[in-house]
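Taken from Swiss-Prot, the feature substrate binding site covers GLY70, GLY71, ARG92, ASN193, and the record attributes it to sequence analysis. Residues or ranges marked as site 'Transition state stabilizer' in Swiss-Prot: LYS35, LYS254.
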Amino acid sequence: MSPLTSATSAPNKAEILIEALPWIQQFAGTVVVVKYGGNAMVSDELRQAFTEDMVFLHHVGIKPVVVHGGGPQINSMLGKLGIESEFKGGLRVTTPEAMEVVRMVLAGQVGRELVGLINAHGPYAVGLSGEDGALLQAVRTGTVVDGVEVDLGQVGEVIGVNPGSILDLLDAGRIPVISTIAPEVGKASSVLNVNADTAAAALAVALQASRLVILTDVEGLYRNWPDKDSLISALSVKELRELLPSLASGMIPKMTACLKAVDGGVRRASVVDGRSPHSMLLEIFTTAGNGTQVFPEAGPQGEKA
């Protein structure tokens with residue numbers, strides 16, 4: 001049940017709406033890129049809440065763009081098919097056999113389900129893969145484990161974005177839902193599995209988004225994990241650069257994505273707790289916000305900091 005349909009008194013409901021007004025005015029007409037993942041993908045309640053949030057953003061004049069991964073669903077399908085899944089340095093090793101499953105699950109299952117849930121509220125969502133219209137371009141990348149370069153197979157890093165198809169959909173009043181599969185630069189017949197956090201950051205920069213919001217399975221960024229009293233509500237890109245080497249491995253891709261987005265001109269980037277229903281709305285439309293927000297050294301006046 002959403003906050004506005006609970007037993008909250010009428011005056012309190014009115015206060016919630018009035019508090020949201022300046023933020024609606026600030027973000028109306030702008031693009032907000034949302035990376036959807038984690039527990040929010042596997043809980044029916046959280047999936048429903050997320051799709052309601054996207055439709056709400058759409059109806060108050062904001063242009064949401066959804067970027068999704070699908071780690072839990074990929075793991076499940078690989079298990080059903082008896083294909084072993086290997087991780088090195090926290091990243092999935094994607095063999096040609098595994099890549100077929102990744103492609104099938106992201107574009108054919110997760111993306112379609114999300115489009116269907118959004119479209120239960122009206123004909124808004126359109127699903128795309130990073131392959132469509134050469135939306136994303138990627139090159140193969142490895143990782144370093146204990147000082148040794150490791151081959152990850154068909155894993156890539158986004159190096160280019162062709163945003164035209166997304167801009168056309170936004171102009172048509174649609175909500176793009178993007179699966180993070182990308183064609184390999186120089187090899188049109190080869191596709192790569194790209195990290196959804198970094199893909200979302202690249203899209204946010206290319207679309208000149210006002211916000212990047214990444215859903216995660218923790219309350220935000222902690223200065224001294226697992227000390228929950230060390231939760232950081234906001235920090236500058238300078239502070240994040242200094243903190244990045246000391247972060248837990250699971251947060252590094254997310255915070256690196258936030259850093260790249262803000263460095264690329266996105267006004268604000270946030271990680272929010274996707275385990276909490278409607279955390280997106282709290283982050284965008286309340287003064288206190290939700291989670292951890294990254295801002296530039298000298299942000300525009302009148303925005304959340």
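Note: Cβ is positioned from N, Cα and C throughout, glycine not excepted.
The separation of LYS254 (site 'Transition state stabilizer') from ARG92 (substrate binding site), Cα to Cα, is 16 Å. The Cβ of GLY71 has fewer other Cβ atoms within 10 Å than any other of the binding-site residues GLY70, GLY71.
Of all the recorded positions listed here (LYS35, ARG92, LYS254), the one with the fewest other CB atoms within 10 A of its own CB is ARG92.
Listed in sequence order, the residues GLY69, ILE74, ASN75, THR94, VAL102, LEU106 complete the 8 Å Cβ shell around the substrate site centroid, once GLY70, GLY71, ARG92, ASN193 themselves are left out.
Considering only the recorded positions LYS35, GLY70, GLY71, ASN193, the residue whose Cα is spatially closest to the Cα of LYS254 (site 'Transition state stabilizer') is LYS35. Of the recorded residues, GLY71 (substrate binding site) and LYS35 (site 'Transition state stabilizer') place their C-alpha atoms 13 Å from one another. For ASN193 (substrate binding site) paired with LYS35 (site 'Transition state stabilizer'), the C-alpha to C-alpha distance reads 16 Å. Of all Cβ atoms in the protein chains displayed, 26 besides its own lie within 10 Å of the Cβ of ASN193 (substrate binding site). Mapped onto three states, the DSSP output places ASN193 (substrate binding site) in strand.
A gap of 11 Å separates the Cα atoms of GLY70 (substrate binding site) and LYS35 (site 'Transition state stabilizer'). DSSP gives GLY71 (substrate binding site) a helix state. In the three-state DSSP classification, ARG92 (substrate binding site) falls within a strand.
In the three-state DSSP classification, LYS35 (site 'Transition state stabilizer') falls within a strand.
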